[in-house]
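Read the structure below first, then the notes.
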Amino acid sequence: MTKRNKKNNKLYKNIKAIKLSIASNDTILNWSEGEVTKAETINYKSLKPEPGGLFDEAIFGPVKDYECACGKFKKIKYRGVRCDRCGVWVTESIVRRERMGHIALVSPVAHIWMSKELPSPSKISLVLNISYKEVEQVLYFVNYIVLDTGKIKDPKIMPFKFKEVLDLAGKGSLTTRQKMRRVIGYIFRNLIKNRSSEDYRKGKIFYESLKNSSLPFSLNDAFNYIKKYTGFRVGIGAEAILELLNKIDLNYEFSKLNDALRKAKKDSVEDAKVKKILRQLETISWFRNSKLHPKNMILHTVPVIPPDIRPIIQLDGAKFTTSDINNFYRRVIIRNDRLRRILEDGTVPAIVVNNEKRLLQESVDALFDNSSRHKPALSKDKRSLKSLTDRLKGKQGLFRHNLLGKRVDYSGRSVIVVGPELKMYEVGIPALMILKLFKPFIIHGLINKFDSNGNEIRPIASSIRQAEDMIKNQDDLIWGIVYDVIKDRPVLLNRAPTLHRLGIQAFEPRIVDGKAIRLHPLVTTAFNADFDGDQMAVHVPLSENAVNEARAILLASKHILGLKDGRPIVTPTQDMVLGNYYLTTERKGQTGEGIIFGTVHEARAAYEAGKVHLHAIVGISTKAFPNKHFEAQGTLITTVGKIIFNDVLGDNIPYINEGEFDEHACPQKFIVPPSGDVRAAIAAHQVLPAFGKKVISKLIDLLYTVVEFKDLPRILENIKALGFKYSTHSSTTVSVFDIPKYSNKQQYFDEADQQVLKYKQFYNKGLLTDDERYKRVVKLWNGVKEKVSSEIQDLIKREEYRDNSIVVMADSGARGNISNFTQLFGMRGLMSKSFNYERNNQSKIIKDTIEVPIKHSFLEGLTINEYFNSSYGARKGMTDTAMKTAKSGYMTRKLVDATHELIINHDDCGTRKGIVVEAIVETKTRSLVESLFDRIVNRYTIGPILDPETKAEIVPANSLITQELAKQICATSIKQVLVRSVIYCERENGVCQYCFGVDLSTGKLVELGTAVGVIAAQSIGEPGTQLTMRTFHTGGVSTENNLAQGFERLKQIFEVVAPKDYERCVISEVKGVVKSITTTQNAQEVLIESSVDERTYSIPFSAQLRVKVGDAVELGSKITEGSIDIRQLLRVAGIQRVRQYMIVEIQKVYRIQGIEIADKYVEIIIRQLTSLLQVTDAGSSNLFVGQLVHSHHLNELNKSLLLSGKMPVIAINQVFGIDEAASKSNSFLSAASFQDTKKILTDAAVKTQVDYLLGLKENVIIGGKIPAGTGFLTDEELAYLGAKTVQEEY
C-alpha cells in the first residue's frame, strides 16, 4: 500500500459523520479537474485515451503509474510534475478512480431526481406548487408557463395567472387560445393607435389564426407580440423553471403554507388537501433549514465520474466492452455540442432549438436515471442501459452488492462430511485447501530467517519462487511450517443461508485427507446442516485482532445455547441419541443381574469381561461417586450402562437414574440403606424408561447451570462419544420385516366410504352445498387417519415391540415419529394440492386437499392413482418450502433493517415505566400459550414484588428475576407483574442493560455492545421457515380457525395490514357493560352502555359473538371473533394496548407451532414499529403539524420548551409496518441501502441530512468498525480474551 493510500485509509477510519447535500454548479466545478469536450473515449489504433475525451489523462490522471501520456516523464522521481507537452500530472494511476471531470451545458437542465419522484410529487413541483404533470410538460417543451403577468392587472383583460401552465397541446388548448385571443384583441384595438402599422396588421392576423386552429402560426411570435405591449412573459424548459425557482421566497412560502394549514381541516391529517399542504410544508422547511437554494435543482454542469469506475475493458479477439455510463456521457456531449452550434448559428427556428434542448434534457435524464423514463435508452440487444441510479439500487446495486456484501479473499468452499473424531472447536480441512488458504503465511514460514525466539536460522526456502514450488509439489519439508501456521490461525465456517448468527462460527483447523470439510456432529443443529451434500464456506481471519475476535467470541465451543429461547442448541441427535438410549436401557433377567460393585472401575471391568450385561440391574456403592449428590448413602440400584453414562458427566451433577431426575440429588427411592436387602430391592425394582432425546436435552440444560462454562464442551464431547460407541454396540438395523403388523383399518374404510356416499346423495338432493360436502368428506377422512394413527401408537407400545429397531429409533427421538409409522403400515391419508391462497375466494373454503385419500400404506404399496396423488402432494410440499424460504428470508432482512441500530450502550437508563405481563391464554379454548414464568424470567423489575398474602418482598425494585425467584412468584396468587422493557427504555440510540435483561445465549446480564436489534430480528426471522403458509378457512362462519395463521398472520402484524373483511372483528369503542343483544332481520344488534353514553354495534349473522348480556367490556375489547385492525385499536384504545396486543398475537403465532421465542425480542421489533409520533400541535417549536418525530426527541424537546415557559408540542402515536420503519431510520445510508434508494437520497440531499453512523449498516458501508461487540473493546482486551480461550481449549 502506498503512503497516499495509507493516509486515505486513516482518513476513512476517522469519519465521524457523513453529510449529503445538493451540489451547486460551483461545487461541481470545484470537484472537476477539467472539462470533457469530446465524445471520444480511446484511440482505435494506439488504444490510448483521446485528449479532451471521456478518458483524457490530462483530466483524470495517467493510465500508467508515474508516466505521462507522451512518455516525456517516466518513473517516480518526476512525481508531482505536469508535462508541458501533453498536460498530464505525473502521479499514480489510482487517481483515475478519484478524479472527476465535468461537461459545461449550453442550456440548463433539471435533475431528474428533483423533477420525477413517483408516487409522491417531485421536489420541484412541491416548491413551485405546480402539479407534477405540469412540471413535466414545461421541462419537456410541451407547454409554456407564465413567468410574469405584465403591467395589465385586470383579470378580464389579462386572464393569465402567475405560474399558470398554458395547455396548448391537450384538451385545454381551446381555452388557452381564447384567452390569448382576448389579450391580442385588446392590444391591437386599444393599445395600437396607428391602424396602418405593421403591429396592428400582425395582431389582426394572430387574432384570426387563434380562432381557427388549423391555420399555422408561430406561438413564440404571438407571445413576443403580447410581451411587447403588456410585459407579459412566458417560458419553457428548464430555463423557465430556473427563473421561477430564483424568484421564490422560502420564508414567505413557509408562513403562507402554515396559514393555509390553520385554515384547513387541521384535525384530519388524512384529508387530501391537508396532506398536500403538509408535503409542501415539509419540503419548504427542509430547504429553509438546510440553507440550500432550490435553484440548485437545475444543473448548468454535469459531473463526469472517474474513468476507472466506468472502464473500457479489452476482450479476446480485439473486441471491447464498456460500461453503459460511457454511452450516456457520449450522448450528452454529442447533443450538447450540436445545441451549441445551433445557438451560435442564430438563424435556426425556435421550434428546432427547443427540440434540441429537450433532447439534451432527456440525455441527462437517461444518464442519471434511465429506468424511470417513459422510454428508457436501449442497447443494441434491446436491453435497458444501466444508469447511475440503477447502479445504486437493488440487489445488484452499489449498496447491497459492493458495500454491504463483498466477495471475500482467502476463502474456499467444499462439501461437508461428519467428523466424530474432532473436538467441538475443531474442523477438519483438506490439505489442498489448507495449502491454498494459508499460502502467504506458509511462504513466510519457509523463507523466514529467524525462529520464534529471534535467533538466526537457515531458511527452508531461499526465495518466494522456491517456496511456491515446494507448496505446489507438497514437499515433505513444508508440513512442519503448515502445522505451526494453522496452530495460530482459527478459521470461520459459514453455511448459507445464514439465518442467525450461529450460521458463522470459528474453529481451529486440523488437516485431513480427501477433499471434504469435516464438521463436528454437535454443531450441525446451529448451522442447520446435514451430510447429504451440503457445502460450507471457509474464511481466514487475517489480522491479529480478527484472530483474537474469532477465538474470544466466535469459537464453536462457546455457542452452547440458542439465541431465540436460551435452550441448548448443541443437543446430540440421531446416532448419538440412539447410542445413549441403548446405553441407559434397563432389562430384567440379563447376565450379571444382582451383582453389587464397589467402584465404577469394577463395573466397567466386569462389563468388558462379559460378566455383566449393559442393561442388567445391579447395585453399586454410593461411595463410588464421591462428588455426586445423593439423598442418602448406601447401595444404588442402577444398570452398568447408567454407571458408564454418569461417569462421563463430571462432578457436582446428581446421579441421573431416571428421565424425571431431581436437579439437586439422586432420590432415596433408588438407594438401599446399609442394613437393607439389596437383592430383594433389585428383584422388586421397576424397569425405568431409557434416556431419550428430551432427557438428554434437559440434562444439558442442567449441565449449563451447574458446570463451569469451560468444562461444558468436554462433557458434551463425552456424551457424543458414548452415543456413537454404543449405537455401534446396539447393532441396530432397519428391515422391512421390523415393521409391526396392523390389520384393523379396513372396517374404518368401509364405514367412511358409506358415509361419503351419503354426503354425495345429500348433495345431489340439494340438502348440502358442494362446499359443505367437501368439508365433511375431508373431516371424515382426517378422523379415520387419526383413529388408525392412535391404534398404531398403542400397538407399538406393546411389550413384543419393545426391542424393535424402528420402534426404538422413534421412542428415543433419534429418527422417525408416529406419522411415519402411520404411513409405513397404516395409511398415507389425504394429500394436499395446489391452491392460490391469496385470491379473493367467494366461498371462503380453501380446497387445497385432494378429497380421495390414499388408503394403502407404503408397506402394501400404492395403486397408480394413489401414486400420482402422492407425488402431486410431495411436489407441492417442495414448492411450498422453496416459497416459504424466500418469503421468510425477505422478512428477516426487513426486520434487521428496522432494528440494526439497537445496541446495548448503557447500564441503566433509569426509566420508571415498564410493561405489565401476565400469562398469555388462548381465550377461546382457555389453553395456555405462554406462562407467566416464561414471560418474567431473566428480566428486571420496576418496583418491588410482594407476596399478596404475607406482604413479604419476593424481588426488590430494579432487580433481576432469576429462575428461582420466578418460581416463587408463580407459586403465589400473583397474576400480573410490572417489568422493565426495551419498549420504554429511555436510551435514544440504543438500549440499556437493565431494560433488556439477561442475554439468553450466555445466561448472564447482557454485555455492553451487544447488537440486540439484529439478534432479535434473527431470532424472529430464523424460525420463519417452520411456520405454515396455509391460511385456514372453515367456511362462511368466522372462527379462530378461519383466520390467517402462521407466516401470513405474522406478515399481517409486522406490516400492520388491515385484516380482510371476513377476518376483521368488531371492537368496542367504549368502556361499559353489554346491555342487550337483539336480533333484527339483517343482523344482531349489540348495545353497550357506558357511564357517558351508549353504542350500538350491528353484527352480521356470519360473525361469531364473543360477548353476552351483562359482560363488562374494555376499550378495544373484541365483540366478535377475528383479528383486530391494529390502526383502529390505536385510535380507540391507545398505544399501550396496541403494543400488548401485538406481543400477544406474535407469541401466539410461534407458540402454537411449538416455537419458543423470548418476549424481549418481540418487544424490540414493536419498539421500532411504534416509536414515531405525528405532531398535531407544534406549540412554540420549529416543528410543523403532520411532521413525524421520534418519541425520545419529542420528550427532550418538550422538556426544554416547558422549562423555558413555552408551549409544548402535542403529538399522537403512530404504528408503522416494518417496511416503513426501516425507511424512516435516522440514517439515510441505512435506509437507502434497504429500499426506495432514490427517494431517500433525494430527501436527505434536500434537507442536508447528517448521518452520524450510529447503526451497524452505516459503518459497514464506509468500511469502519461497527459500534458493537469488540468495537467496544480495546485491542489489548481483545488479545487477552483470545489468549484466555486458547488456554481453555481441551
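Just so you know, the numbers here start at 1 and follow the chain as drawn.
Any Cβ shown, glycine's included, is placed from N, Cα and C.
Per Swiss-Prot, these features apply:
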type	residues	note
BINDING	Cys68, Cys70, Cys83, Cys86	Zn(2+) 1 binding site
BINDING	Asp530, Asp532, Asp534	Mg(2+) binding site
BINDING	Cys909, Cys985, Cys992, Cys995	Zn(2+) 2 binding site
Next item on the list: Can you figure out which of Cys70, Cys83, Cys86, Cys909, Cys985 (the binding-site residues) comes closest in space to Asp530 (Mg(2+) binding site), comparing Cα atoms?
Entry: Cys985
Next item on the list: Provide the three-state secondary structure of Cys985 (Zn(2+) 2 binding site) computed with DSSP.
Entry: coil
Note to self: Using a Cβ cut-off under 8 Å and a sequence separation of 6 or more, which residues in the same chain sit near Asp532 (Mg(2+) binding site)?
What the structure shows: none
Margin query: Centre the Cβ atoms of Cys909, Cys985, Cys992, Cys995, go out 8 Å, and tell me which other residues of that chain have a Cβ in range of the Zn(2+) 2 site.
Written below: His906, Asp908, Thr911, Arg980, Val982, Tyr984, Glu986, Arg987, Val991, Gln993, Tyr994, Phe996
Check: For the binding-site residues listed here, Cys86, Cys992, Cys995, which shows the highest count of neighbouring CB atoms within 10 A?
Finding: Cys995
Next item on the list: Looking only at C-alpha atoms, tell me how far Cys70 (Zn(2+) 1 binding site) is from Asp534 (Mg(2+) binding site), rounded to the nearest Å.
Entry: 56
Checklist line | Most crowded position, judged by CB atoms within 10 A, among Asp530, Asp534 as binding-site residues | finding: Asp534
Check: Do you know offhand how many angstrom separate Cys86 (Zn(2+) 1 binding site) and Cys992 (Zn(2+) 2 binding site) by C-alpha?
Finding: 62
Note to self: Whole-number answer please: how many Å between the C-alpha atoms of Cys909 (Zn(2+) 2 binding site) and Asp534 (Mg(2+) binding site)?
What the structure shows: 46
Item checked: 8 Å Cβ shell about Cys68, Cys70, Cys83, Cys86 centroid, Zn(2+) 1 site members excluded -> Glu57, Ala69, Gly71, Lys72, Phe73, Asp84, Arg85, Gly87, Val88
Note to self: Give me the sequence-ordered set of same-chain residues, not including Asp530, Asp532, Asp534, with a C-beta within 8 angstroms of the centroid of the Mg(2+) site's C-beta atoms.
What the structure shows: Ile416, Ala529, Phe531, Gly533
Next item on the list: Under 8 Å Cβ to Cβ from Cys985 (Zn(2+) 2 binding site), same chain, six or more residues apart: give me those in sequence order, or none if nothing qualifies.
Entry: Cys909, Thr911, Val991, Cys992, Cys995, Phe996, Arg1167
Item checked: Integer Cα-Cα distance in angstrom, Asp534 (Mg(2+) binding site) to Cys68 (Zn(2+) 1 binding site) -> 53
Notebook entry, point to check: Using DSSP and three states only, what is Cys992 (Zn(2+) 2 binding site)?
Noted result: strand
Notebook entry, point to check: When a 10 Å sphere is centred on the Cβ of Cys70 (Zn(2+) 1 binding site), how many other Cβ atoms does it contain?
Noted result: 14
